[in-house]
């Protein structure tokens, strides 16, 4: 598993993830890139779950963004519909967090599209730890989104054995 967290302050949004990939009880890779920029660098996306499944979803989501001229919510809903109804896609085990200047969304394998409260989203094995840390930081500091994401990932990595301290963080200003 992994940890992906997204934090929003105003129109600024940051999304980050750790780099650990495990195969059973073994760390197979420590520096995987689970966070990407999509649609002309206007959308951030991160995944938790099976790597091959996530890349399939990234490709599908990017195609939806192109089809709908970068409209995040419409693209997410269309991906979720496909994910829920397509027999092959239904078997994919991954979740996505996607964000642009206007919204942050969680897209699940069950076909749910969720806009989290407070501009804060977290998924993966360390997601609850990262979410709690980010929420405390948002409420009690003036850190920017990228700094908040970095600190939340560090805390999650200290607690969750499936999350490491190799971080990739992207921000939209």
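Including glycine, each Cβ sits where the backbone N, Cα and C put it.
Feature annotations, courtesy of Swiss-Prot:
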ACT_SITE  2  active site
BINDING   157, 160, 163  Na(+) binding site
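The Na(+) site is set by 157, 160, 163; from the centre of their CB atoms, other residues of the chain with a CB within 8 Å are 3, 18, 20, 125, 126, 129, 130, 153, 156, 158, 159, 161, 162, 164, 165. When secondary structure is read from DSSP and collapsed to three states, residue 157 (Na(+) binding site) falls in the helix class. Among the binding-site residues listed (157, 160, 163), 163 has its Cα nearest to the Cα of the residue listed as 'active site'. The number of other Cβ atoms within 10 Å of the Cβ belonging to the residue listed as 'active site', over all protein chains shown, comes to 28.
Other Cβ atoms within 10 Å of the Cβ of residue 157 (Na(+) binding site) number 21 in total over all chains. In three-state terms derived from DSSP, residue 2 (active site) belongs to neither a helical nor a strand segment and is classed as coil.
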